[in-house]
């Protein structure tokens, strides 16, 4: 029964992986082609491209971890290759979260309507410093990933082996305290960008409320371009927050799996839920971006035209 559930979850993970690769590769390809064509890239496109690349890597690492657990359990428990996988999973995990937070911050400074001198100063300079902010996210993610992965990997693999050797059970219980502290460190590290994103969300709501009130007083209506920009930004941010909560819970399941009787099943279940976040959020970003939405509709229209042409030719031959 457990093998059937594992196979079902593995097929689900492959489907989520395929959808996520399609959406994120589309974002990266469109922005890179536009970059080559114009020989420059906008700040928003740079953030979206960085986010898409990090999520493609994250999707590949999660799926690789799933296949290794199911097909090569001995390598998963003892192989040195898993240290590399765990490091890149932790790295791409933090990169994708921090890049999404940078997107929320960028929306806040570019769309928000505040008149505080510090806000206006940052609003004017955000395009100049965004590349340095992204680089800082990379450095911070590497700094977090190196020590945390080493400790978490050693504790987790040891307890996976303890599932098969009863004489190691007591030692595994001793290591649970160290494992819990490492896990707490990783979770707190991901909560920081979540709090920053949540703050940007509430400030955008406040900005939208002030803007609508100003439009009502001037009797110009509420559906102006600034209001539309606020709404699109809020949709992107709130979708990230909700998906991140689901991803955070799945991360807790995966990292706490050796407390459970079915360790392998718990890991695959957690990872299948984790794949929802990097897979689905890319399509929300596509729908919220005018350029990406236009290109996607254009591609869909061309594909439908080709399919209709083939059906017409087949019908004509019959």
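Any Cβ shown, glycine's included, is placed from N, Cα and C.
Noted in Swiss-Prot for the protein shown:
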CARBOHYD  167  N-linked glycosylation site
CARBOHYD  175  N-linked glycosylation site
TOPO_DOM  1-9  topological domain 'Extracellular'
TOPO_DOM  31-55  topological domain 'Cytoplasmic'
TOPO_DOM  77-94  topological domain 'Extracellular'
TOPO_DOM  116-128  topological domain 'Cytoplasmic'
TOPO_DOM  150-187  topological domain 'Extracellular'
TOPO_DOM  209-235  topological domain 'Cytoplasmic'
TOPO_DOM  257-266  topological domain 'Extracellular'
TOPO_DOM  288-318  topological domain 'Cytoplasmic'
TRANSMEM  10-30  transmembrane segment
TRANSMEM  56-76  transmembrane segment
TRANSMEM  95-115  transmembrane segment
TRANSMEM  129-149  transmembrane segment
TRANSMEM  188-208  transmembrane segment
TRANSMEM  236-256  transmembrane segment
TRANSMEM  267-287  transmembrane segment
*Other parts of the chain folded back onto the transmembrane segment (56-76), taken as Cβ under 8 Å at six or more residues beyond its ends*: 6, 9-10, 13-14, 17, 20-21, 24-25, 28, 82, 85, 88-89, 92-93, 95-96, 157, 160, 264, 267-268, 271-272, 274-275, 278-279
*Hey, which of 10-30, 95-115, 236-256 has the most Cβ-Cβ pairs under 8 Å against the transmembrane segment (188-208)?*
95-115
*Sequence-remote contacts (6 or more beyond its ends) of the transmembrane segment (95-115), Cβ cut-off under 8 Å?*
43-44, 47-48, 50-51, 54-55, 57-58, 122-123, 126, 130, 133-134, 137-138, 140-141, 190, 193-194, 196-197, 200-201, 203-204, 207, 210-211, 226, 229-230, 233, 236-237, 240, 244, 278, 281
